[in-house]
Amino acid sequence: MLGFLKEPVVVTAEINVNLVALSVMGLISRLWGLCYPRAVVFDEVYYGQFVSLYMKRIFFVDDSGPPFGHMLLALGGYLGGFDGNFLWNRIGAEYSMNVPVWSLRLLPALAGALCVPLAYQILVELHFSHCAALGAALLILLENSLITQSRFMLLESILIFFILLAVLSYLKFYNLQKHSAFSGSWWFWLLLTGVACSCAVGVKYMGLFTYMLLLATAGLHFWHMIGDQNLSNISLLCHFLARGLALIIIPMGLYLSFFYVHLALLYRSGPHDQIMTSAFQASLEGGLARITQGQPLEVAYGSQITLRNVLGKPVQCWLHSHTNTYPIRYENGRGSSHQQQVTCYPFKDVNNWWIVKDPGMQQLVVSNPPRPVRHGHIVQLVHGITTRYLNTHDVAAPLSPHSQEVSCYIDYNISMPAQNLWRVEIVNRESDTDVWKTILSEVRFVHVNTSAVLKLSGASLPEWGYRQLEVVGEKLSKGYHQSMVWNVEEHRYGKSQEQKEREVELHSPTQMDISKNLSFMAKFTELQWKILTLKNEDTEHKYSSSALDWITMDTNIAYWLHPTSGAQIHLLGNVATWASANAAALVYLCLSLWYLLRRRRKIYDIPEDAWQLWTSAGGVCAGGWAVNYLPFFLMEKTLFLYHYLPAVTFQILLIPVVLQHLGDHLCRSVLLKSMLSALTVAWLSSVYFVYCTFSPLSYGQPALSPTELRALRWKDTWNILIRKQ
């Protein structure tokens, strides 16, 4: 039985030396001197704040995209033992000893290094020669902009890695289609395509462009399969379901999982949660949860409440009143009712408390058992401190004359009767008998007499209104807007009928015990909507640029400057490579148009298999460049050179595609082939020369003298920093 032990166990393996060598060179180029400089470099000041918040489990919202990329950067900090204690307040700040710089920059650097062998494999899977694939990998290896971007705590190299991985996985899957459908390797590469696409979108929404390209490619390939009479209907259905599962269902599930982990990690309240709804804030540990935990869930007659406007713009605020009245006349001469002011106040204050009163009863306390307020009920809102009733009437609002003034009613006995009845409309109700609930219910208050809706106009009142925000009665309200919607944030059951006792009660914290937990999908939906709609004010940045500047690389970004020497780091591409990529794209476009015109005339200049190779490579490389570049012309946001890096990566892959095509089909004589080879070698030498020339600006060392720096300013538009002597 043990006879097999008499022979040695032998394992043989095929090793692609090109692939190994490229991987090693990629790692060396990206990992060498990774801790230098030991200072905050450009957007590390931005992403570092999020890493610190992850380490402290504090909730945040980043409007630049989904959380997966941030979590990967935080993973680097976690592996390095980072405690999150560093003040990311300025570019160039020296890192303290507790910041594991190498660990924080490791994952982006690894992703950037692996892009080199991925480029090689993509060209191989497109059925180009290993020589062409090697050329593509070397161009990615020697691309200064990709080196710079991958050596710091930034997301573009991670994004490009997942984009290239998705493309490679789909190509491998497609090449296995004819002879190994539904095999283990077929399933592996198909599933990996979906996973990589989801990861790319999860890092930055720019990954969606390549994902859509691959979905379109898969759809086109499946359309061709439908015309294959050798495939049965059952087989086609299985292929369709497999692609739907791997390319749509699994990516969607994985995308949701990114948010699930994100929300599970960030369970503590922080400054960013102020833009979220009250329900979301109450689900976080600390902050609003400390105030609202244990509040009664159902609003009843006699409830004491604060009302927060759902819109949250220009700032979050609560319905508020105080003893001051509107001025008798405004600056423009218009008169007012001189009633008590009602505003929206952006701070917690005892004057934010209101009492929900039954119009048919005088009591301001909750009965036993409580009588809940439901959708459609008529209520009066009594200001807790001044005991005056919320009122509106046909008087123009102070800053919005097309709307009605909202006030707390004062009886001046001048034939202006109180109009203080409001109908409660629950916007997010499930039925017309829904109970008004704390935090969860979003309600409109419709004035019974005039049908005006209580609304935050967003305008800031003058000094007489303490710069608080104007609240109006919107007379024409078709549908509803978030500025018209309010939710109860703080809530207690009123117990004191006497005013002095009630004031003491209003100043005291709530003590009752009921929990309100939001589901994950409710949190995800709200957070996703905030990410998509929350936009910081666009401001001009010194290094912002237009999409047209990227093609000719008329712009650069200074990432870091040494405080004393001339050492500096810039995001700057390899001029030779970028110019060649533009030329390759132009040649590809012209040749493709020429071939198409000739093919319409039934003239076939190249064999059919060469044409299929040409178009498939163009779909991946030229298509990848187009979908990752052209959308930026439609975006209204501040753009930077690094936004172009995914597009230029695909464009670089097009260079060896065009060169091989020229050598195989257009240079037909031995002399022309020899000349093309010589020119290619000379061109690659120039690429290497430019890489070496600008490597001090990619790595930040060695420090260059002012004369050497001036010599590197090849374009007048480049902002190379030179210290005054």
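Cβ atoms here come from the backbone N, Cα and C positions, even for glycine.
Sequence annotations record features per position, and here TrEMBL assigns domain 'MIR' to 296-359 (among others). Predicted-model confidence for the domain 'MIR' (296-359) is 89, expressed as mean pLDDT.
The domain 'MIR' annotation in TrEMBL covers 370-427 (among others). Across the domain 'MIR' (370-427), DSSP helix (H, G, I), strand (E, B) and coil residues number 0 helix, 26 strand, 32 coil.
For 431-491 (among others), the entry in TrEMBL reads domain 'MIR'.
Long-range contacts of the transmembrane segment (68-88) within its own chain (CB-CB distance under 8 A, at least 6 residues past either end) are made by residues 40, 44-56, 62, 95-96, 98-100, 102-108, 153, 155, 158-159, 199, 202-204, 258, 261-262, 265. Taken from TrEMBL, the feature transmembrane segment applies to 68-88 (among others).
The transmembrane segment feature in TrEMBL is assigned to 100-120 (among others).
Residues or ranges marked as transmembrane segment in TrEMBL: 126-142 (among others).
Annotated transmembrane segment per TrEMBL: 154-174 (among others), in sequence order.
Annotation comment: TrEMBL describes 186-203 (among others) as transmembrane segment.
The transmembrane segment annotation in TrEMBL covers 208-226 (among others).
Same-chain residues lying 6+ beyond the ends of the transmembrane segment (246-267) with a Cβ under 8 Å from its Cβ atoms: 53-54, 57-60, 66-68, 70-71, 190-191, 193-195, 197-199, 201-202, 211, 214-215, 218, 284-285, 520, 523-524, 527-528. Residues or ranges marked as transmembrane segment in TrEMBL: 246-267 (among others).
Annotation comment: TrEMBL describes 575-597 (among others) as transmembrane segment. Listed by sequence, the residues of this chain that lie at least six past the ends of the transmembrane segment (575-597) yet keep a Cβ under 8 A from its Cβ atoms are 139, 142-143, 551-553, 605-606, 611, 614-615, 618, 622, 625, 648, 651-652, 654-655, 657-659, 661-662, 683, 686-687, 689-690, 714.
Residues or ranges marked as transmembrane segment in TrEMBL: 639-659 (among others).
Marked as transmembrane segment by TrEMBL: 671-691 (among others). Sequence-distant contacts of the transmembrane segment (671-691) (same chain, six or more residues past either end, CB-CB distance under 8 Å): 135, 138-139, 142-144, 574-577, 580, 659, 662-663.
Sequence-distant contacts of the transmembrane segment (186-203) (same chain, six or more residues past either end, CB-CB distance under 8 Å): 65-69, 72, 155, 158-159, 162-163, 165-166, 169-170, 172-173, 176-177, 180, 210-211, 214, 242-243, 246-248, 250-252, 254-255, 258. Long-range contacts of the transmembrane segment (100-120) within the same chain: residues 18-19, 22-23, 25-27, 29-31, 34-35, 38, 48, 51, 72-73, 75-77, 79-82, 133-134, 136-137, 139-141, 146-147, 149-155, 157-158, 160-162, 164-165, 168, 649, 652-653, each at least 6 residues beyond the stretch ends and with a Cβ under 8 Å from a Cβ of the stretch.
Taken through DSSP, the domain 'MIR' (431-491) splits into 6 helix, 27 strand, 28 coil.
DSSP states for the domain 'MIR' (296-359), grouped as helix (H, G, I), strand (E, B) and coil, give 3 helix, 30 strand, 31 coil.
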